[in-house]
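Swiss-Prot has this to say about the protein:
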BINDING   Val207, Glu228, Cys258  adenosylcob(III)alamin binding site
Amino acid sequence: MDQKQIEEIVRSVMASMGQAAPAPSEAKCATTNCAAPVTSESCALDLGSAEAKAWIGVENPHRADVLTELRRSTVARVCTGRTGPRPRTQALLRFLADHSRSKDTVLKEVPEEWVKAQGLLEVRSEISDKNLYLTRPDMGRRLCAEAVEALKAQCVANPDVQVVISDGLSTDAITVNYEEILPPLMAGLKQAGLKVGTPFFVRYGRVKIEDQIGEILGAKVVILLVGERPGLGQSESLSCYAVYSPRMATTVEADRTCISNIHQGGTPPVEAAAVIVDLAKRMLEQKASGINMTR
């Protein structure tokens with residue numbers, strides 16, 4: 001699916017909701033609008049700032065303008081320079097800072113207060129803590145007994161579409177993108193005339209847990225919004241895993257359709273919501289998902 005198709009879907013879905021489509025967006029580069037990059041090292045520079053990300057470490061370049069343009073065009077680690085065979089101090093410190101940020105978002109917990117503030121029912125997998133979540137992924141694929149009973153008692157049965165939110169491997173991905181993706185997603189699904197289930201939050205969930213959820217609730221389509229494994233310096237990326245009529249015993253990974261890189265520096269959450277609505281409609285029409293869908 002190319003950018004033009006995405007924009008058409010966004011316009012169509014937003015129009016059906018009676019809202020104006022957002023202007024065509026481009027992935028935001030952290031270095032695009034910053035001041036001219038500097039080459040001198042500074043211990044006072046905030047390593048997470050736009051200035052630090054725009055820093056050029058190549059000394060005495062032949063074409064400084066080329067390096068400046070390259071540095072402004074990407075958030076990748078380019079133009080960092082070397083000192084002999086080693087990276088320069090500022091480049092190394094920024095690498096370590098980004099690594100620390102990514103590690104933190106894996107280990108952090110989604111606050112219970114945040115979940116309550118969103119009005120979400122909270123359930124959990126068979127995992128009891130973060131350490132077990134990281135070492136026993138198999139247990140993150142199944143709901144605990146209390147969660148099963150809670151879903152049966154408090155959630156809409158047999159929905160066309162069931163939306164699930166889970167922390168996954170990035171707490172920031174959920175808390176940062178939630179407000180921009182869930183309201184338009186729920187509104188778009190309802191506007192499409194679909195029976196939408198009760199959205200809820202699964203703590204310590206893995207992707208395959210959506211199979212059990214779909215089976216318990218009798219959902220035709222299950223949409224799981226889950227935090228992606230963070231990259232260096234990028235801890236806010238969300239993924240959507242959608243599957244048609246999932247079953248614990250028979251559903252395999254090829255049956256899922258994935259939309260990844262949902263964040264302000266990738267696919268904007270509002271655009272992603274419109275694409276997910278269109279995807280759910282096509283899944284219901286074709287009664288398929290993943291590689292079984294016709295393109």
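Cβ atoms are placed via backbone N, Cα and C, with glycine included.
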(request) Would you mind listing, in sequence order, the residues at least six apart from Cys258 (adenosylcob(III)alamin binding site) in the same chain with a Cβ closer than 8 Å to its Cβ? (result) Ser239, Cys240, Tyr241, Ala242
(request) May I ask which residues of the same chain, at least 6 positions away in sequence, place their Cβ under 8 angstroms from the Cβ of Val207 (adenosylcob(III)alamin binding site)? (result) Arg141, Leu224, Val226, Tyr241, Arg256
(message) Considering each pair of residues in Val207, Glu228, Cys258, all listed as binding adenosylcob(III)alamin, report the largest CA to CA distance in Å, no decimals.
(response) 11
